[in-house]
């Protein structure tokens, strides 16, 4: 009990002068309660189930109807020696390993090289799997962004960020915003839960950092009743995500000109929202209007991590646009969340900054 009381001490979670008594609920007034966040556990499981159902019943038939097809891949002859090395020691053996494996399996070195190349290709994600994943994320991000916009457009603090902090932390929580918060938390928890099964991307580590930072920010901001600020941050971040996933879907359909146009639109929205609106408007008023206390310092740190990721991804986006779309370079993905692929296969040119 002592540890729990220390963890929830008002001086840690609330600005100077505020206590949990200020957030005491009444029949007509509801404030965020930490125990509400436990609903994200069934919410996460439900979203994973809905995703599986969506991919099977909507995305898969849609992809087939639009002409998405997986390339045939060469079958790999079973070889216990080579398979054991592949699983335990690595997918790309060095020259000395190839010589040793050739002797052990009584095969020419060239055939051993071919076996490993085909075996790597066998593990590469299928185009249809990529399309289904992008379709699910597009559907969620599109719904999330426009739902958030509908919830906020008539709020005065949406148009004037200074109002976000009026009478903070005594800001009652509208039920719709509370459910939206729980939905976002459940979604990012589901992304973490499915990472081992999803297409592995080049920025896998950055993705993990991003998801952990996002989950922490949603959790902490809910408990500290920073719902208004949190909604603004989520809306700014959701603004470009659905455009990116649409660009990926178009790329998998090989509608390249439309894909390029949509990707340029994504780049404009991403850079404007993440490098202009977020730091100069949303984050600026957080720093200038809120006094320092432990939770605000923690949120500052995680927002700084997100902003560094925004800069990193923006660089990759700009590099991709100039090297491929404008200069007509080889369409090989230099962007942040591109799927890993072997040199024998074309890489996916759509990227995911989150």
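Backbone N, Cα and C atoms are what each Cβ position is placed from, and that goes for glycine too.
Since this is a predicted model, take the numbers as computed values, not measurements.
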Pick from 176-196, 239-259: which range does TrEMBL record as transmembrane segment? 176-196
Identify the transmembrane segment range according to TrEMBL, selecting from 108-127, 208-227. 208-227
From 40-83, 84-127, the residue range that TrEMBL assigns the feature DNA-binding region: 84-127
Write down the single range among 14-33, 134-153 that appears in TrEMBL as transmembrane segment. 134-153
Outside the transmembrane segment (262-286), at least 6 residues beyond either end, the same-chain residues with a Cβ under 8 Å of its Cβ set are 161-162, 164-165, 229, 232-233, 236-237, 239-240, 243-244, 246-247, 250, 296, 299-300, 303, 307, 310-311, 313-314, 317-318, 320-321, 325, 349-350, 353
